[in-house]
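As given in TrEMBL:
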- A:C130: active site, nucleophile (ACT_SITE)
- A:S21, A:K45, A:A46, A:N99, A:N127, A:K165, A:I191, A:G217, A:G243, A:G244, A:G265, A:T266: FMN binding site (BINDING)
- A:K45, A:N69, A:A70, A:I71, A:G72, A:L73, A:N127, A:N192, A:T193: substrate binding site (BINDING)
- A:4-286: domain 'Dihydroorotate dehydrogenase catalytic' (DOMAIN)
Amino acid sequence: MSQLAIELPGLMLKNPIMPASGCFGFGQEYSKFYDLSQLGAIIIKAATEQARFGNPTPRVAETTAGMLNAIGLQNPGVEKIITEELPRLANYNVPVIANVAGSTIEEYEAVTEALSKSNDIAAIELNISCPNVKQGGVQFGTDPALAAEVTRRVKAMSNVPVYVKLSPNVTNIVMIAKAVEDAGADGLTMINTLTGMQINLNTRRPVLANTIGGLSGPAIKPLAIRMIYQVRQEVSIPIIGMGGISTAEDVLEFLLAGASAVAIGTANFLNPFVCPEVITALPHVLEKYGFASVADAIGKGHEDAKLHLSRT
Amino acid sequence: MIKRVLATITSSREIALDTIEMNLAIPEFASFSPIAPGQFVHIQIGSGVAHQLRRPISIADVDYEKQQITIIFKVIGTGTEELRKYRVQDQLDLLVPCGNGYPIEKIDSKKALLIGGGIGVPPLYYLAKKLVDKGVEVTSILGFQTKDHVFYEQAFQALGDCHVVTNDGSYGYQGFVTNVIETVQPTFDTFFSCGPTSMLKAVTNSLVDREGYISLEERMGCGVGACYACVIPSPNEKGFKKICQDGPVFLASEVSL
């Protein structure tokens with residue numbers, strides 16, 4: 001196994017770097033900047049059963065070292081994604097993770113069922129944590145019983161491994177993580193955005209048309225690290241970490257906290273080449289801090305922890 | 001194709017209140033030519049840590065000999081405040097050229113009406129030059145908040161008739177660009193407009209049965225079509241267009257303002 005390769009349920013990753021859902025569309029725009037086969041995997045934009053237009057604009061606002069977004073799950077619907085987007089991605093040597101969203105458990109099931117007929121996806125990211133839609137999404141991610149229920153039902157429908165994307169907008173994320181692990185999740189992705197808001201001083205009105213949005217970017221990285229560290233101590237399934245990553249040093253910090261791979265989101269907007277640049281830089285950073293491989297670094301931030309460390 | 005380059009600032013000056021004009025020398029310039037009027041650059045502010053989002057700024061002019069572009073921006077927030085502090089010889093990280101411009105090669109126009117509002121005026125300058133090069137007669141109506149905000153009046157006058165209007169009447173006509181259209185009654189076959197959405201709405205409403213192109217502005221994320229931040233409803237089959245990727249220039253009938 002090479003220095004950067006890592007194997008997770010359903011995913012043979014040549015490196016642990018993948019663009020995060022919603023920050024990379026369906027890959028076509030960034031394929032003009034570099035060969036997508038360089039990536040460890042791609043998490044595509046959320047799919048719902050029917051096409052969604054999403055929220056009114058403005059949908060984004062910059063904050064200090066971060067940004068707010070309230071796109072509202074705009075997507076062409078799962079069937080169009082399967083027939084138009086997935087075949088284009090099949091031209092690249094890269095596993096595709098489909099992000100499944102919905103307003104009801106039945107919608108999550110329907111999207112999963114449709115995707116299960118496609119041979120073009122390697123895993124599902126179950127989006128129970130989108131803060132930007134009025135119904136569904138985040139409510140499934142903030143109630144352990146609901147989170148477990150939707151995980152169980154989607155697992156039953158899916159013929160690929162299911163990674164559940166956790167919301168940070170909870171009091172106790174470990175409780176949710178345990179609930180979805182017990183419900184059969186193959187892995188976790190964390191964290192989704194934090195709900196936030198910005199008010200324009202001149203207009204005295206929220207900048208986002210949706211009033212609130214999801215905060216992402218370097219501003220949330222310490223929160224993501226803390227949550228992954230806590231969840232790693234209590235849960236055995238692998239974690240794909242995300243939240244403000246923009247450098248190979250950030251990646252190592254997530255590995256130390258207990259992530260087995262990472263997703264890069266907001267940083268793609270600033271630097272379209274951030275993913276390949278981080279992949280190139282990662283071997284040097286691993287060596288600099290004394291690790292032979294990605295696998296060697298996973299969970300190593302826990303060695304002095306007093307609490308028991310679960311296997312990774 | 002969009003590229004990421006480090007451009008060097010060759011000049012920077014305040015041409016009106018809080019309005020900065022910068023010339024940027026672009027490396028590998030030949031690979032970007034020709035740049036269409038209406039296209040924009042997506043500019044990183046500082047190291048990008050504090051400012052996570054680039055700023056989309058229209059291209060106001062292109063100097064093919066000097067391999068430079070001109071941008072004009074208004075200081076309206078922390079990002080543009082930071083941008084104004086850049087000095088000659090400083091470098092700016094750009095994505096260039098972004099979006100689709102005015103399709104002047106395809107347009108069969110003899111008389112064009114250009115309608116610009118505030119910081120929507122700059123892309124119309126490069127457009128006016130290109131139209132005049134093609135032998136098109138150009139009339140411009142430029143709207144600004146006050147006298148202190150007016151810029152490029154002489155530059156537009158050198159290319160054709162130019163009417164300036166200020167909201168408070170401190171310079172030129174008083175009111176809005178639509179008032180001037182009514183007063184002057186310019187003859188034209190095609191209109192081209194860029195400015196705030198409220199102005200574009202008024203313009204397209206008053207010229208509803210005329211052929212025209214509008215350039216939209218919106219808060220953007222990626223600037224390349226991936227993040228779906230800057231969409232506009234459209235009567236097309238998808239129901240929307242992406243401003244950064246499909247636009248920012250659209251046929252007026254293509255989008256629902």
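Using N, Cα and C of the backbone, Cβ positions are placed for all residues, glycine too.
All features noted in TrEMBL, drawn onto the structure.
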| residue | record | Cβ neighbours (10 Å) |
| --- | --- | --- |
| A:S21 | FMN binding site | 27 |
| A:K45 | substrate binding site | 24 |
| A:A46 | FMN binding site | 26 |
| A:A70 | substrate binding site | 30 |
| A:G72 | substrate binding site | 21 |
| A:N127 | FMN binding site | 31 |
| A:I191 | FMN binding site | 27 |
| A:T193 | substrate binding site | 29 |
| A:G243 | FMN binding site | 32 |
| A:G265 | FMN binding site | 26 |
Averaged pLDDT score, the domain 'Dihydroorotate dehydrogenase catalytic' (A:4-286): 95
Residue pair A:T193 (substrate binding site), A:G243 (FMN binding site) - Cα distance, angstrom, rounded: 8
Cα proximity to A:N127 (FMN binding site), best match among binding-site residues A:K45, A:A70, A:G72: A:K45
Alpha-carbon distance [A:I191 (FMN binding site); A:G72 (substrate binding site)] in Å: 18
Cα separation, A:G243 (FMN binding site) to A:A70 (substrate binding site) (Å, whole number): 16
Site diameter for FMN, Å, by largest Cα distance between A:S21, A:K45, A:A46, A:N99, A:N127, A:K165, A:I191, A:G217, A:G243, A:G244, A:G265, A:T266: 20
Candidate binding-site residues A:S21, A:I191, A:G243, A:G265, pick with smallest Cα gap to A:K45 (substrate binding site): A:S21
Whole-number Å value of the largest CA-CA distance among A:K45, A:N69, A:A70, A:I71, A:G72, A:L73, A:N127, A:N192, A:T193, listed as substrate-binding: 16
